[in-house]
Amino acid sequence: MVANLTATNQWSFPTTSSLSYKESNVDNETMASWNGVSRLIFLSGTATVGTMGSIFAITAIAVIDPLQVRGNIYLVSLALANLLVTGLVLPASCIAILASIPHDQGICAFQWLVMEVCFLVSVLTFMFIAMENFVGLGSVISYDFCCTRNRIVTTVSTIWSTAVAFSVGQQITGFGPSLCDSSAPVWLPYHAVCGLLLVMMPILISSSYFVRAIFKLKAFKLQMEALEDPTAYVLTDEAVLKSNIVVFILMLMMWIPTVVVSVVGSIHPVGQKLIDVTWWISLSNSCLYSYVYAATNKDFREAFNKLFYYFCCKSHVSFSRKSRDVRRNGADGRGLRVHIIPGLNIYAQRKDPAKDPLRSFQLKKGSSEL
């Protein structure tokens with residue numbers, strides 16, 4: 001009985017220290033729940049904005065005539081790579097918050113796999129974008145010889161196959177570097193060769209061809225007045241070239257910290273705060289790149305504005321089917337049907353009539369009537 005009374009007295013009259021301890025626990029739990037809600041809202045909004053930007057970029061290439069060139073297939077590939085990040089990595093973080101497992105190793109490994117694929121595809125794609133832009137500053141004949149549609153599609157398929165195979169192989173073998181597992185084994189000769197072939201060489205080649213394209217474009221501008229039809233000698237759009245260079249530099253600035261931290265982390269422990277900061281900087285690239293294209297290129301900007309107005313206001317929006325010459329002369333045309341998505345093709349004014357079945361049929365019909 002004494003023991004029971006003691007127990008009753010013990011539980012009936014809690015001390016002031018125990019009450020303050022319970023109140024502090026409640027406050028901490030409430031604060032943690034509100035932090036989780038705020039992070040969930042932020043991640044959801046960021047994923048929505050980034051995904052919308054990638055979709056708008058692909059749509060702009062599909063519906064705007066000056067952007068419907070074979071080389072811009074590489075931009076579609078770049079948009080799809082970043083769409084993986086905004087459509088898979090950020091939602092995975094939201095799932096981890098809802099499930100109260102923010103540091104789950106399985107989710108982290110999945111996110112790192114997607115991020116690695118996106119990075120490799122972006123680096124390799126920019127290498128071929130720079131080469132295509134440079135070749136496009138030459139004659140149409142040389143461009144058509146080396147940049148056929150089949151070759152570009154094959155190149156894009158090879159890029160994706162290489163990036164996916166390498167990233168999946170890294171995950172299966174458990175090789176580092178990885179931001180999720182600092183204890184992942186690192187074999188220096190293997191990683192040095194892979195880093196040289198898949199990262200360093202593509203970046204150097206991209207930088208070299210972009211610089212050469214800038215100087216070649218400047219030299220071409222000096223000779224442009226003497227040419228009767230400058231568009232017959234240059235296919236690369238100056239505005240698109242500048243946008244590609246800006247987005248390439250932005251990608252390097254946002255991805256280099258993550259690459260450096262992952263390499264250093266495989267050799268020496270790195271603070272979790274630094275890892276989180278570099279991780280989110282890399283994620284920001286996938287959300288911002290499409291809007292950089294819109295900010296630096298008039299065609300992308302017009303498409304983004306009209307698509308945003310269409311999706312927000314649900315009203316009919318039309319785009320102009322203006323040719324490249326009309327756009328250069330400053331004419332303002334409005335009205336291309338949104339629901340019509342033509343195939344990727346080279347500029348209409350450079351198409352050979354003999355290769356256009358509809359045009360050939362019309363010419364034959366006109367001659368027979370005469």
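Cβ coordinates come from backbone N, Cα and C, glycine included.
Annotation source TrEMBL lists transmembrane segment at 40-64, 73-98, 110-131, 152-170, 190-211, 245-265, 277-296. According to TrEMBL, the feature domain 'G-protein coupled receptors family 1 profile' maps to 53-293.
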Looking at the domain 'G-protein coupled receptors family 1 profile' (53-293) alone, can you tell me the average pLDDT?
86
Ranking 40-64, 73-98, 110-131, 152-170, 190-211 by the number of C-beta pairs under 8 Å to the transmembrane segment (245-265), which range is first?
110-131
Non-local residues, at least 6 beyond the ends, that sit with Cβ under 8 Å of the transmembrane segment (190-211)
120, 123-124, 126-127, 129-131, 133-134, 162, 166, 175-177, 241, 244-245, 248, 252, 259
Residues of the parent chain within Cβ reach of the transmembrane segment (110-131), under 8 Å, 6 or more residues beyond its termini
71, 74-75, 77-78, 81-82, 84-85, 88-89, 92-93, 155-156, 159-160, 162-164, 166-168, 170-171, 178-180, 198-199, 202-203, 205-210, 213, 244, 248, 251, 255, 259, 282-283, 286
